[in-house]
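Structure, as structure tokens:
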Ligand SMILES: Cc1cc2nc3c(=O)[nH]c(=O)nc-3n(C[C@H](O)[C@H](O)[C@H](O)COP(=O)(O)OP(=O)(O)OC[C@H]3O[C@@H](n4cnc5c(N)ncnc54)[C@H](O)[C@@H]3O)c2cc1C
């Protein structure tokens, strides 16, 4: 008889895992604590809520994260299908209307006959096969359970989220619509700065007041989600080669390249909201407004959501997990999502996809399967479980994911598609020769 599988957390990973299980005929109990108990970063009661950027990043085969998306499409991924349905213009990226997207995922999960949603906080692990997908903001009681289960000390660090502003409040005379190197449609609003404007903005940013960090938590940032003020303090060049990079963003009015450019990305389908790209911040709210108002075009900006910072919890995957996402010491327990140390919406969902498939195998009395190393999904699973466990750091979302595939794609950009196609062929062959 097949067993029921518990999934804890209806975020990107848990929703995908539940979907994969349910579509394989497995009964799923999906536990989600929101809205009974909120996390410090979520705002709604919807599943798969995107807490910061509304972009799922590159959507083409010349980028590793584009390859994993394509693999997930071919694996009937709930998250990627919903994203495709709710896409908003974003050049070569797959960005979504976050409310439509989360609404879509929630509806499909709630309407699935094999999924029972239980709105409560899990404080003790349930009996039976269980996928823990409670994310970087796992509630403290469950985090303690997991700590005891894995016998490992947790690593904590901070992540940051960027502010969202009203498009009505942007001075459209001063900004221009363009994607870098005119790739894809012109999807970004660009705020150009000359040397003087940049200098004023830069000085304000490095001297602005930062919200206090709690004593017991170590100040440690993810490179890919580093607060803008922390980056600025590393030197102005760090910003000019980072999120304020002007190359490929010449001002159409002058034909010239500004000293710096701040980009805004559409955040909802109606186009009434924009988020400030790469502008995660831990500045005090008043200071945030003052600094943003120094950006040309944003002098009268209305901020609908300020940048925030919060804790991130993850396990030492190379020590405790196998590449099937099972706990080595207790194979009926799976981990998925950011808890495993993957970072990013798509990567989290991708690990949920594999954990869901494997938990379904186990529930039916079959052996879990290992995705081939050649595929992006398999490459990611191997990386996080085969990395050096000493000082294990979650993966950086901006620097390409998969050390194998990701690096090959980056270093040999002109042959990227060939590498990507090899990954997709490997997946195809895997599907033809294995019962997935
Ligand atoms: C502030 C912030 C900004 C980020 N910015 C980006 C970004 O811009 N781009 C990007 O790609 N990635 C970003 N990330 C990373 C990305 O959000 C995560 O990788 C992704 O959401 C993780 O998916 P997940 O399913 O593991 O966790 P989540 O999506 O967080 O889902 C976990 C779910 O578990 C629930 N839960 C927690 N504890 C319990 C419990 N005890 N019982 C029941 N339910 C519980 C939570 O309510 C939540 O719904 C960011 C993360 C954070 C926290």
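Our numbering is plain: 1 for the first residue shown, then up by one each step along the chain.
Each Cβ is built from the backbone N, Cα and C atoms, and glycine gets one as well.
If you check TrEMBL, you get these features:
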- 5-366: domain 'MnmG N-terminal' (DOMAIN)
- 9, 10, 11, 12, 13, 14: FAD binding site (BINDING)
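Annotated features taken from TrEMBL, shown on the structure.
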{"residue": "9", "record": "FAD binding site", "Cβ neighbours (10 Å)": "31"}
{"residue": "10", "record": "FAD binding site", "Cβ neighbours (10 Å)": "33"}
{"residue": "11", "record": "FAD binding site", "Cβ neighbours (10 Å)": "33"}
{"residue": "12", "record": "FAD binding site", "Cβ neighbours (10 Å)": "31"}
{"residue": "13", "record": "FAD binding site", "Cβ neighbours (10 Å)": "36"}
{"residue": "14", "record": "FAD binding site", "Cβ neighbours (10 Å)": "31"}
According to DSSP, residue 11 (FAD binding site) sits in coil
Note the Cβ centroid of 9, 10, 11, 12, 13, 14, the recorded FAD site, then list each other residue of that chain whose Cβ lies within 8 Å of it, in sequence. 7, 15, 16, 17, 32, 47, 48, 133, 134, 135, 336, 337, 348, 352
